[in-house]
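*Asks:* Okay, handing you the structure first.
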């Protein structure tokens, strides 16, 4: 294997929980990308206007952000975390099954709000639990985690595509005229941003003809093994309600045989519990309590804030670029034909997924700080070249692929780097996930408003500004890292692989 035996052994010890968290993140990706391509068919199903149906986007995105903030509430015990993941992954399957039954746009928005809450909980808890398990070795496993969300985001539109309506799915006297706008409208909704569609008039009354229900039922079945996997982990850990609990960790027979001295085992468990109690990873509201601020240096807050601001910008770029690159391409001066421009969002997400796959082995050989530096510099240079060659359609495709590669590993690398700085005692996971979610929502709305007022060229200018701000905040994070208090010698000794581990960084799946 291309990693060392220590990391390999640690992965084997935590194989089942790690695979479970990865599969749950697949659910997250499956749910995040289906709405854009299917929204026109859902508009027909609910017999609503375009302006009404686009509120479904807002309900999902807002509740995703809210779920990210609340996800840390369930981190207090492993049982709470797994129960929350089970409920969230099961809710996503139920949402897929229920969507075809929603014939009112308000009901659909409520259902998508539930999906958003589930996705937010999955986002926070899965990142948090992997960081807890692997700590200083978490970078490679976080990269793999975010590969699965990209894989799910690629798969759900492919599942939906055969069942999408080729013509307007509400048959009326104006169907023929309205159907000519469908390709442009549908591409404007990919992957999950409504764009400016108020000037399109589609029929709201008539006979509904759509087969999109089959796509959602297929996705519900594909996602069903995920809550089953979480339930199996709960059962294996004896955390299912009404089943007798056990205090034994998830260890193999060989590992249990090595535990020959009970006194040392008890000391290890006690030390691990103490370290976990001091380890932070609270929900956003607990992080903001004044008791957590006592005795903390200004660099403690600065690391949290600058790390969140970097992801605010980079995740915001992902949202605004994927949401508006199609609209930018079909406008002057490029005037790309609609069918060709429609490949741009897919190309962008495809290279994000490819970049996350490549980052899995790379993250083992390269430090997270170096990877983030390459990412933010690459984003800045790509936007600069896109501005210079703004009249080149070929370079727009090249730049889109390049931007996807550079943005792909930013979030997991930044999370691993920030948690490493804080020695796994801050609230970095919750703060960074929340900052990234806010950035994706806010920058989409901001760029949409600017494009409407200033024209399509401002799309690249905004990206260049956001990339420059991301680089600036990262430089500040490096500065505060140098100022941050170094770990004490006993922590260094405990984290050494050559000495007995007496902290939470034991490589075992702790409760």
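Note that Cβ sites are derived from N, Cα and C of the backbone, with glycine treated the same way.
Pulled the feature table from TrEMBL, pasting it below:
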type     : residues : note
TRANSMEM : 21-40    : transmembrane segment
TRANSMEM : 52-74    : transmembrane segment
TRANSMEM : 81-99    : transmembrane segment
TRANSMEM : 105-126  : transmembrane segment
TRANSMEM : 138-159  : transmembrane segment
TRANSMEM : 214-235  : transmembrane segment
TRANSMEM : 298-318  : transmembrane segment
TRANSMEM : 340-358  : transmembrane segment
TRANSMEM : 370-389  : transmembrane segment
TRANSMEM : 395-417  : transmembrane segment
TRANSMEM : 429-451  : transmembrane segment
TRANSMEM : 457-480  : transmembrane segment
REGION   : 489-511  : region 'Disordered'
COMPBIAS : 489-501  : compositional bias 'Low complexity'
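Describe the structural context of each listed feature in the structure shown, including burial, neighbouring residues and relevant distances.
*Replies:* Only residues 6 or more beyond the boundaries of the transmembrane segment (81-99), in the same chain, are considered here, and those with a CB under 8 A from a CB of the stretch are 20-21, 24, 27, 30-31, 42, 71, 74-75, 108, 111-112, 114-115, 117-119, 121-122, 125-126, 128-129, 213, 216-217, 219-220, 223-224, 226-227, 230-231, 233-234, 237, 239.
Sequence-distant contacts of the transmembrane segment (105-126), counting only residues of its own chain at least 6 positions beyond either end whose CB sits under 8 Å from a CB of the stretch, comprise 21, 24-25, 27-28, 31-32, 35, 42, 46, 48, 52-53, 55-56, 59-72, 74-75, 81, 84-85, 87-89, 91-92, 95, 98-99, 145, 429-430, 433, 437.
Residues 3, 7, 11, 18, 21-23, 25-34, 36-37, 126-127, 130-131, 190-191, 215, 218-219, 222, 346, 349-350, 352-353, 356-357, 359-364, 368, 371, 408-409, 411-413, 415-417, 419 of the same chain, all 6+ positions outside the transmembrane segment (138-159), place their C-beta atoms under 8 angstroms from a C-beta of that stretch.
Packing against the transmembrane segment (214-235) from elsewhere in the chain are residues 16-17, 19-20, 23-24, 26-27, 30, 34, 38, 79, 82-83, 85-86, 89-90, 92-94, 96-97, 99-100, 155-156, 159-160, 162-164, 243: each is 6 or more residues past its ends and has a CB under 8 Å from a CB in it.
Sequence-distant contacts of the transmembrane segment (457-480) (same chain, at least 6 residues past either end, Cβ-Cβ under 8 Å): 299, 302-303, 306-307, 309-310, 313-314, 316-317, 320-321, 324-325, 327-328, 369, 372-373, 376-377, 379-380, 382-384, 386-387, 390, 418, 443, 446-447, 450-451.
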*Asks:* Take the C-beta pairs under 8 A between the transmembrane segment (340-358) and each of 21-40, 298-318, 370-389, 395-417, 429-451. Which stretch has the highest count?
*Replies:* 395-417
*Asks:* For the transmembrane segment (298-318), give me same-chain residues lying six or more residues beyond its boundaries with a C-beta closer than 8 angstroms to one of its C-beta atoms, as numbers and ranges.
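*Replies:* Same-chain residues near the transmembrane segment (298-318) but 6 or more away: 352, 372, 375-376, 379, 403, 407, 410-411, 414, 417-418, 421-422, 426-428, 431-432, 434-440, 442-444, 463, 466-467, 469-470, 473-474, 476-477, 480-481, 483-485.
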